[in-house]
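J.: Below is one structure. I have some questions about it.
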Amino acid sequence: MSHDGRSVIAKFRALYGEEPLLFSAPGRVNLIGEHTDYNEGFVLPMAIERRTWIGGRARPDRRIRVHSLDFAEEGELDLNERGRARRGGWSDYIEGMARALDERCGGLQGADLVIGSEIPIGAGLSSSAALEVGVGFALAQLNDHEIGKEELARIGQWVEHEYVGNLCGIMDQLTVALGRAGHAMLIDCRSLEVRYIPFRIERAAVVICDTGVKHELAGTEYNLRRAECERGVELLRRHLPGVHALRDVGMDEFRRYEARLPEPIRRRCRHVVAENARTLAAAAALERGEVEAFGHLMNLSHDSLRDDYEVSCEELDLMVEIARAHDGVWGARMTGGGFGGSTVVLVRGDAVADFSAYVRAEYERRTGRAARVYLVEASDGVRREAL
Ligand code: GAF
């Protein structure tokens with residue numbers, strides 16, 4: 001079930017008898033540039049107009065009390081007490097963020113928070129990054145503490161690594177923090193420089209198709225891919241000593257040395273090297289409004305994630321196959337970490353309604369599962385909402 005700002009305010013009033021300050025953080029969809037962020041490469045995501053909403057007020061003590069509408073649960077922590085062990089649930093993100101900010105701000109006051117989200121959980125649309133960055137932003141504002149959005153993103157990533165055990169890159173947190181309405185973001189994941197590119201491919205729409213599955217192995221396989229890339233760098237450095245990350249390897253260089261890499265390292269590296277080049281080419285195509293070229297690069301990206309990087313799954317491949325068979329589609333690929341979650345599809349604007357009905361019917365016919373299909377637009381990053 002989805003919860004928006006109004007439900008968060010209503011719950012806050014019911015619990016505390018007063019109006020909260022309201023904050024929100026968006027989900028994200030990655031258009032292209034998958035599994036490149038932790039290789040210091042390029043990504044091209046955008047924040048989407050489905051948000052996590054946080055109502056809050058400061059408390060005089062150091063307790064943080066949270067009501068989650070999505071999980072219909074309460075959680076509480078006291079910053080004066082030692083951190084507790086990871087529980088494997090939503091409260092880990094909040095505890096991690098609160099403790100990291102407490103340390104960084106040299107002492108945080110407590111807060112009462114109510115949280116609700118419109119971002120489907122497990123759909124690969126970064127509901128966890130929205131929670132981290134949104135809660136961090138809310139706590140900083142309730143404490144009158146100035147903190148840069150890039151820094152919030154870095155703290156969110158730290159929480160994923162240290163509290164959640166997911167060795168993610170920086171793309172999700174940075175997109176949630178720095179998104180801009182009407183724009184895709186070309187992010188250089190080494191310098192963290194962001195180039196905002198107006199999403200103005202005429203007559204084109206971005207549609208997300210959620211497969212409704214999330215396979216268990218997502219976390220372990222993700223960390224394994226990261227290790228495989230690091231091994232690839234170690235081996236390539238024997239021939240190319242200037243290489244610090246796969247970002248530093250061009251396709252020609254890679255071709256020269258790929259035979260020296262064992263499988264599956266060779267295919268993993270090939271995906272990353274090619275995906276970086278595709279992402280830069282896609283950004284240029286977007287700037288020129290070249291919709292066919294953009295769609296073609298999306299298709300190549302998916303095929304490489306399926307065959308070389310092996311992070312797709314049956315349901316994602318089927319969802320992509322179904323999309324590509326529709327004549328209003330320019331390109332379709334999985335988006336996010338993989339092993340379930342969603343695809344992103346570039347669709348002719350006047351074909352969106354027909355495409356959505358067709359995908360729902362066809363996916364259900366072939367899998368017996370319901371597909372959720374959303375038309376999305378590029379949105380702003382984390383912000384305080386005017387009430
Ligand atoms: C997940 C991670 F959180 C990101 O950092 C990124 O690596 C992505 O998978 C794959 O591109 O969303």
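Cβ atoms are placed via backbone N, Cα and C, with glycine included.
A TrEMBL annotation is a machine prediction, not a hand-curated record.
Checked TrEMBL, it gives:
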DOMAIN    10-55  domain 'Galactokinase N-terminal'
SITE      ARG28  site 'Transition state stabilizer'
BINDING   SER68, GLY122, ALA123, GLY124, LEU125, SER126, SER127, SER128  ATP binding site
DOMAIN    93-179  domain 'GHMP kinase N-terminal'
BINDING   SER128, GLU160  Mg(2+) binding site
ACT_SITE  ASP172  active site, proton acceptor
DOMAIN    283-364  domain 'GHMP kinase C-terminal'
J.: By Cβ count within 10 Å, point out the most packed of the binding-site residues listed: GLY122, GLY124.
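T.: Of the binding-site residues GLY122, GLY124, the most buried by Cβ count within 10 Å is GLY124.
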J.: Within 10 Å of the Cβ of LEU125 (ATP binding site), how many other Cβ atoms are there?
T.: 29
J.: Need one number for the ATP-binding residues SER68, GLY122, ALA123, GLY124, LEU125, SER126, SER127, SER128: the maximum pairwise CA distance in Å, whole number please.
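T.: This binding site's residues have a maximal Cα-Cα distance of 20 Å.
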J.: As a quick check of your reading of DSSP, tell me how many residues in the domain 'GHMP kinase C-terminal' (283-364) are helical, how many are strand and how many are coil.
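T.: Helix (H, G, I), strand (E, B), coil: 50 helix, 16 strand, 16 coil.
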J.: So of SER68, ALA123, ASP172, which of the recorded positions has the fewest other Cβ atoms within 10 Å around its own Cβ?
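T.: Across SER68, ALA123, ASP172, these recorded positions, the one with fewest Cβ atoms within 10 Å is SER68.
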J.: Calculate the per-residue pLDDT averaged over the domain 'GHMP kinase C-terminal' (283-364) and state the result as an integer.
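T.: Mean model confidence (pLDDT) across the domain 'GHMP kinase C-terminal' (283-364) is 97.
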J.: Work out, from DSSP, the number of helix, strand and coil residues along the domain 'Galactokinase N-terminal' (10-55).
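T.: So the domain 'Galactokinase N-terminal' (10-55) is made up of 10 helix, 26 strand, 10 coil.
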J.: Among the binding-site residues SER68, GLY122, GLU160, report those whose Cα falls within 10 Å of that of ARG28 (site 'Transition state stabilizer'); none is a fine answer.
T.: none
J.: Can you name the residues of this chain that are 6 or more positions from SER127 (ATP binding site) yet have a C-beta less than 8 Å from its C-beta?
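T.: The answer is GLY27, THR52, SER117, ILE119, PRO120, ILE121.
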J.: Where the criterion is a Cβ under 6 Å from an atom of ligand 1, which of the binding-site residues SER68, SER127, SER128 meet it?
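T.: None, by Cβ distance under 6 Å.
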J.: Measure the Cβ-based neighbour count of ARG28 (site 'Transition state stabilizer'), defined as the other Cβ atoms within 10 Å of its Cβ.
T.: 33
J.: Using Cα-Cα distances with a 10 Å cut-off, which of the recorded positions SER68, ALA123, GLY124, SER126, SER128, ASP172 are near GLU160 (Mg(2+) binding site)?
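T.: Among SER68, ALA123, GLY124, SER126, SER128, ASP172, the ones whose Cα sits within 10 Å of that of GLU160 (Mg(2+) binding site) are SER128.
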J.: Between LEU125 (ATP binding site) and ASP172 (active site, proton acceptor), how far is it from one CA atom to the other, in Å?
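T.: Computed Cα spacing between LEU125 (ATP binding site) and ASP172 (active site, proton acceptor) is 9 Å.
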